[in-house]
Amino acid sequence: QPPVSAPRGVCVRERDRVCATSFCAGSLIPPVLSQPLFCSGKDKMTDAATNMRLKLPIICFILQIILIILFATLVQYDHDTDAAAWHNGNHTSESENDFYYRYPSFQDVHVMIFIGFGFLMTFLQRYGFSSVGFNFLIASFALQWATLMQGFFHGMHGGKIHIGVESMINADFCTGAVLISFGAVLGKTSPIQLLVMAMFEVTLFAVNEFILLSTLGAKDAGGSMTIHTFGAYFGLMVTRVLYHLPWMYWPSFNSAVTAHGDDQHRTAMNTYYSLAACTMATYGMSALTAHDGKLDMVHIQNAALAGGVAAGTAGEMMLTPYGSMIVGFLAGIISEKLKIQDTCGVHNLHGMPGVLGAIVGAGIRQAISLAVTLGFALLGGLIVGGCLI
C-alpha cells in the first residue's frame with residue numbers, strides 16, 4: 001500500500017510513521033512554513049529546511065565567535081572571584097563572599113529560565129518540542145549578550161566589565177524578559193528571527209533598566225516593570241506587527257537581588273502569600289468563566305503565577321501579609337483580551353500583573369518608570385517586529 005499522506009512540510013519515512021521525535025535541524029521549523037517540519041537525516045528535506053540547515057548554524061557560529069571576542073576584550077572576574085586578589089591578601093573573607101549568599105537564589109532563577117519557561121509552553125501540542133528547544137537556544141544566547149549589555153551600564157570599571165554571581169542573576173533576569181516575549185510569538189517566528197529579536201530586546205532592556213533603576217531610582221526588586229511588563233508588551237508588539245516560572249521558585253526569583261536581611265526576607269514572604277492567594281482566585285475564576293464549569297488547566301498554569309509577578313515591584317516594601325494576599329487575589333482575577341496573537345497568554349501572566357505590581361509600589365518615580373518601560377517595550381517591539389517581517 002502507498003504511504004499515508006502527511007501534512008505539507010512533514011517528511012513521511014514509511015507507512016503510518018512520521019519522524020516526530022528526532023531533534024534534528026528541521027525538527028523545530030516554525031509554522032511560518034505552514035506546518036512543523038519533522039525529518040530524519042535520510043529523508044528528503046524541503047528547500048526551507050535546507051535553508052534552515054545552512055542559515056541557523058552560520059548565525060549561531062558567528063554570534064558565538066563575536067561573543068567570545070567581546071568577552072575576551074571586555075570582561076573579567078570581579079573582586080570576589082579574581083584569584084589575584086586572594087593571592088595578594090586583598091579580598092573579603094570566605095564567609096563574606098557574595099557567592100555563598102547569592103548562589104542558592106541563582107540556582108532557583110536559573111531553573112526557571114531553562115526549564116520553567118520552556119515547559120510552561122509545552123501545552124501547545126504541535127510546538128511542544130519547539131517551546132523547549134527554542135527556549136534553550138534563546139536563553140543560551142541572551143544571557144551572554146545580557147552580561148555585556150548590563151555590564152556596560154552597571155559593571156564597567158577601568159574599561160572592563162566585572163562579573164560575579166550577581167551578574168549571572170541579572171543576566172538571567174534579562175533573559176526572562178526575552179523568554180516572556182518568546183511566549184507571545186511562539187509558533188510564528190523562525191529560530192533566526194528569535195535570535196534577532198533577543199539581540200535587540202536585551203539591548204533595550206539594559207537601557208530601560210539603567211534609566212529606571214539608576215537614573216530614576218525606581219524600586220523594582222522582582223522586576224514587575226523591567227522584566228514582566230517590558231517583556232510582555234515588547235513581545236505583543238512584535239507579534240502585532242508580524243500579524244497585521246514555576247510556582248515554587250518565584251519567591252527566589254523576586255528576592256534574588258534584593259538587599260540582604262529583612263528586605264530579602266520580606267520579599268520572599270510577600271511573594272509566598274501573593275502566590276497562594278492568586279492560585280485560589282485563579283481556580284475560582286477559571287470555574288466561573290468556563291461554559292461548563294470545568295477548570296481550564298492552561299489558564300491555571302499561567303494565571304496562578306501572576307501573583308508572583310504582581311508582587312515583584314513592591315515585594316521588599318512593607319506590604320504586610322494581608323496586603324500581599326490582596327495583590328495576589330487581584331492578579332488572579334484580572335483577565336484582559338486583545339485582538340493580537342498571544343500564543344502563551346503573556347499579557348495575562350506578565351503584562352497586566354506587571355502593571356498592577358507597579359501600581360502597588362505607588363509613587364511618582366514608579367509611575368514615570370512604568371511609563372518609560374511601556375514606551376520602550378511598545379516602541380521597541382514595533383520597530384523590531386517591522387525588521388522581522
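Cβ coordinates come from backbone N, Cα and C, glycine included.
What TrEMBL annotates here:
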DOMAIN    68-243  domain 'Ammonium transporter AmtB-like'
DOMAIN    247-363  domain 'Ammonium transporter AmtB-like'
TRANSMEM  54-77  transmembrane segment
TRANSMEM  109-129  transmembrane segment
TRANSMEM  136-156  transmembrane segment
TRANSMEM  168-187  transmembrane segment
TRANSMEM  194-218  transmembrane segment
TRANSMEM  230-250  transmembrane segment
TRANSMEM  271-290  transmembrane segment
TRANSMEM  310-334  transmembrane segment
TRANSMEM  346-364  transmembrane segment
TRANSMEM  370-388  transmembrane segment
Contact ranking winner - 54-77, 168-187, 194-218, 271-290 against the transmembrane segment (370-388), Cβ under 8 Å: 194-218
Chain residues outside the transmembrane segment (194-218) and at least six past its termini with a C-beta under 8 angstroms from it: 59-60, 63, 134, 137-138, 141-142, 145-146, 149-150, 152-154, 174-175, 177-178, 181-182, 185, 225-226, 230-231, 234, 238, 365-366, 368-369, 372-373, 376-377, 380, 383-384, 387-388
Residues of the parent chain within Cβ reach of the transmembrane segment (136-156), under 8 Å, 6 or more residues beyond its termini: 60, 63, 67, 70-71, 74-75, 78, 113-114, 117-118, 162-163, 167-168, 170-172, 174-175, 178-179, 182, 191, 194-195, 198-199, 202-203, 205-207, 209-210, 214
